[in-house]
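**Q** Here's a structure for you.
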Amino acid sequence: MASHIVGYPRMGPKRELKFALESFWDGKSSAGDLQKVAADLRESIWKQMADTGIKYIPSNTFSCYDQVLDTTAMLGAVPPRYGWNGGEIGSDVYFSMARGNASVPAMEMTKWFDTNYHFIVPELGPDVKFSYASHKAVTEYKEAKALGVDTVPVLVGPVSYLLLSKPAKGVEKSFSLLSLLGKILPIYKEVISELKEAGASWIQFDEPTLVMDLESHKLHAFTEAYSALESTLSGLNVLIETYFADIPAEQYKTLTSLKGVTAFGFDLVRGTKTLDLIKGDFPEGKYLFAGVVDGRNIWANDLAASLSTLETLEGIVGKDKLVVSTSCSLLHTAVDLVNETKLDKEIKSWLAFAAQKVVEVNALAKALAGQKDEEIFSANAAALASRKSSPRVTNEAVQKAAAALKGSDHRRATNVSARLDAQQKKLNLPVLPTTTIGSFPQTMELRKVRREYKAKKVSEDDYVKAIKEEIRKVVKLQEEFDIDVLVHGEPERNDMVEYFGEQLSGFAFSANGWVQSYGSRCVKPPIIYGDVSRPKSMTVFWSTLAQSMTARPMKGMLTGPVTILNWSFVRNDQPRFETCYQIALAIKDEVEDLEKNGITVIQIDEAALREGLPLRKSEQAFYLDWAVHSFRITNCGVHDTTQIHTHMCYSNFNDIIHSIIDMDADVITIENSRSDEKLLSVFREGVKYGAGIGPGVYDIHSPRIPSTEEIADRINKMLAVLETNILWVNPDCGLKTRKYTEVKPALKNMVDAAKLLRSQLASAK
C-alpha cells in the first residue's frame, strides 16, 4: 500500500514545542530540555504514521524554527553579523539568525508562498563561503531508524532555496542568486552521500517554486542542478515534491525530464489542471505521488471522489507506481481532532485535522489496493451528505444581500485629499502625527482574567471592571507619552480574527486547532462553515468606553474582511469571494455603528490582503479586484470627516501598490522596518500616493529597543520620498507580544523622534 505524507506539523497536539522554545529563550530551561521535547515529538509523529500504515514517512520536516533556516544552517550560510566562526551551528547562532539578539537584528522573515507560515529569508552574495555546518537531516534520519522507522529524508531543493533567497545588504540588487548553484551543490552532495551511507533508500526534495511563473533561465537551473547531482543520487529513489498550485506546462515538461529523478509529487487539490498534464504525458516507469488530501484546510476529504481520481491515475501510471499523498505538508493544518472535546458534534464530523488526514491517506491507499474499509468510506459519505443539507450552512437573507453587491463599486463620495482636509479640521493633528497599531502587551494577569471569565470563574462585572482598568492604564500611558491618536489596547481580545469570528454567525472554533505562523508563534484559525452575518455590535461598547476616557481621538479597531477570510479555514463549497463579501457586509454594519457612537477614526486592518494573492500572475487581477472591493464595501457609507485607517503587515507590497491605492483608505500603516524599507523604493520610483501613510519606524517582532536617533533617521529616510503632510509615525505592528519593559522606552523614543523632526521642520521653514 503506497502512501506518503509530504510533511507534518511540529508544534505538537498541545503546542508542546512552543512552550519548550519560549521557556528556553527566557532562560528557564536548558538546550538539553528543549532537545528532549523535540525528540519526543519527532518520535510520536513517526510512530503515529508508522502505526497508521504510511509507507513513505518524512524526516527532517521537523524544525525548532523553520525549514528554510535549517537549510541555511546546513549550508553554513550564516550572515557575518552573527559572529559565527565555523564548526557545527549551535542553538545560539541558529536562534540569533531567527530572532536577533541584544546587539544584532534578525534575518528577514516573509511568507511561505501564499500560506500564513513565515520563513527566514536567506541573505546571500558572491562572497558567502558555504560549508556543511548542520548535520540535522542525517541525524534525524538515524534517530528515526534507531526507533525502527525507515523514513524519507526531506530537503528544501537547491533551486527553490536560491530562488527564495535575497541578496544580502551591500550586495547589488541585480546579483544573480542562481549563480551560487555551483557553490551549494557540493554541500548537497555531502548530505546525500551521508544519507545513503546511513541507509536511506528514498530522498525528497521540495521544489515548490516550480509552480510559479518562471523565466527560462530559472527553469533551466532545475535541469542543471539535478544533472549535477545525478551521480551522487544514483542508487537512491528521488522524489521531487511540488505544491500549492497547478504546475505550468513548461515547468511540468522540465520537471518530468529531470535526470536521476524517480518520482514526482503534485498538489491535486489546488492544482486540478495538473491532472490534464499527467493524462497527456507521464514519463514511463516513474512514480506519481498524487496529493489528493488537502494539506491546507480542515475539511474531511471526499474519499469517494479522491478514489475515483486515483483510479483514473492508476490507469495512466500503473498500479505499482501510484502513491497516495497529501497536497502539501500538513504543517498548514491543525494537529489532531481528538483534542476537540467541546466542538459541536455535527460540525466535528465534517472535519479532519493532520492526524485524521494521515488516516485518510492510508484509507485511500488501502482502497486502491483492493482492501477498502467500508466503514470509513460510509461514515465519510454520511458526513459529507450532512454538511451539504445542513440548515446551519445556509442563510437566505445573507445570500441575497451578497448577491446584490455585484452592481456597485462601493466608493466613498469624495476623493481622499478633500476627505483628509475635512478630517484635519475636525482632528487638528500635528505634522507627523503619532499612533500605534492597536494592541498593547497582553500580560499574564490579563490572559488569566480572560481565561477565568471564559471558564465562568469570574463574574461579568468583575471581568468588565478588570478590562476597564487595563484600558484606563493604556490610555493614561499613551497620554503621558503624548501620542496623538490613541488605541484602547485590545485587552478584551484573544486574537484579531477569533475575536470577531466568535461574534459572527457561520463561524466555529476549535480548542487546540493551532497552526504555526513563525517560530513559536501559533494561530488558531476560526472555521467558516456557513453564511456569515453579524447578530449584534461587536466593539462599540469597548471603543466608546475608551473614547470617554480621553479628549484625544480614539481609534475604533476592526479586522477587515479579507484578513478574516485569509486567516480562517474557509468553507470549500462556494467561491472564496462570496464568503468574503458576506464578511464585508457584517463589518460594514460595525463601522457604521461605531461612527454613530462618536468614533471618528476607525482602523480596519487588512494585514493579510497580500496573503491571498494567487501565486500566478494570470489569476492575481481577479483576486485583487474582489479583495479590494470587499474592503471598500466596509466603509463606503461613512462621512468625509470619519478617518478610515488600514494596517498591513509582512508583505512585499511593491507589486500590489496600485491595489493598495485603490482601497482608498484615508491612512495606511505598513510593516516596513524588517523588510528594510523595500517599501519606500516604490515611492522613490515615482508612484504617487496622496493618502496618509505610516511605514513602521521600528520592528516589534524583536525585543530590541531602538534609540531616538535611529527612529529619527528612519523617519528622515521616509521624508526623502514622502510628503511631510501625509507621513504618520508608528511602530510596525501591534504590541501584543511584547513586554511593557520593551514597549515603554520604544514608544517614548518614537514620540521623541517625531517631536525632534517637527522642530527641525519648523525651523527649516
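Just so you know, the numbers here start at 1 and follow the chain as drawn.
Positions of Cβ are set from backbone N, Cα and C atoms, glycine also.
Since we're looking at a predicted model, the values are computed, not measured.
I grabbed these lines from TrEMBL:
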- 3-315: domain 'Cobalamin-independent methionine synthase MetE N-terminal' (DOMAIN)
- Lys18, Asn116, Arg521, Cys522, Trp567: 5-methyltetrahydropteroyltri-L-glutamate binding site (BINDING)
- 432-755: domain 'Cobalamin-independent methionine synthase MetE C-terminal/archaeal' (DOMAIN)
- Ile437, Gly438, Ser439, Glu490, Asp605: L-methionine binding site (BINDING)
- His647, Cys649, Glu671, Cys733: Zn(2+) 1 binding site (BINDING)
- His658, Asp662: Zn(2+) 2 binding site (BINDING)
- His701: active site, proton donor (ACT_SITE)
**Q** Looking at the recorded positions Asn116, Gly438, His647, His701, which has the shortest Cα distance to Asp662 (Zn(2+) 2 binding site)?
**A** His647
**Q** Any idea what the model's mean pLDDT is for the domain 'Cobalamin-independent methionine synthase MetE N-terminal' (3-315)?
**A** 97
**Q** What Cα-Cα separation, expressed in whole Å, is found between Cys733 (Zn(2+) 1 binding site) and Asp605 (L-methionine binding site)?
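**A** With the alpha carbons as reference points, the distance is 11 Å.
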**Q** For the binding-site residues Cys649, Cys733, which one has its C-beta crowded by the most other C-beta atoms within 10 angstroms?
**A** Cys733
**Q** Which residues does Trp567 (5-methyltetrahydropteroyltri-L-glutamate binding site) neighbour through Cβ under 8 Å, counting only same-chain ones at least six apart?
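**A** When sequence neighbours closer than 6 are ignored, Trp567 (5-methyltetrahydropteroyltri-L-glutamate binding site) has Asn116, Val497, Val523, Pro525, Ala608, Glu611 within Cβ distance under 8 Å.
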**Q** If you measure every Cα to Cα distance among Ile437, Gly438, Ser439, Glu490, Asp605, the residues said to bind L-methionine, what is the biggest one in Å?
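**A** About 13 Å separates the two most distant Cα atoms.
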**Q** Rounded to a whole number, how many Å is the Cα of Gly438 (L-methionine binding site) away from the Cα of Lys18 (5-methyltetrahydropteroyltri-L-glutamate binding site)?
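**A** If we compare the Cα positions of Gly438 (L-methionine binding site) and Lys18 (5-methyltetrahydropteroyltri-L-glutamate binding site), the gap is 25 Å.
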**Q** In whole Å, note down how far the CA of Asp605 (L-methionine binding site) lies from the CA of Cys649 (Zn(2+) 1 binding site).
**A** 9
**Q** For Lys18 (5-methyltetrahydropteroyltri-L-glutamate binding site) and the residue listed as 'active site, proton donor', determine the Cα separation and express it in whole Å.
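**A** With the alpha carbons as reference points, the distance is 16 Å.
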**Q** Let me spell it out: for each of the binding-site residues (Ile437, Cys522), count the other Cβ atoms within 10 Å of that residue's Cβ, using every protein chain shown. Which one has the most?
**A** Ile437
**Q** Which residue, of the binding-site residues Lys18, Arg521, has its CB surrounded by the fewest other CB atoms within 10 A?
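**A** Among the binding-site residues Lys18, Arg521, the lowest count of other Cβ atoms within 10 Å belongs to Arg521.
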**Q** Could you tell me which of these recorded positions, His647, His658, His701, has the fewest other Cβ atoms within 10 Å of its Cβ?
**A** His658
**Q** Determine, using Cα-Cα distances only, which of these recorded positions is closest to Ile437 (L-methionine binding site): His647, His658, Glu671, His701.
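**A** If we rank His647, His658, Glu671, His701 by Cα distance to Ile437 (L-methionine binding site), first place goes to His647.
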**Q** For the 5-methyltetrahydropteroyltri-L-glutamate site as recorded (Lys18, Asn116, Arg521, Cys522, Trp567), determine the largest distance between any two Cα atoms, in Å, rounded to the nearest integer.
**A** 20
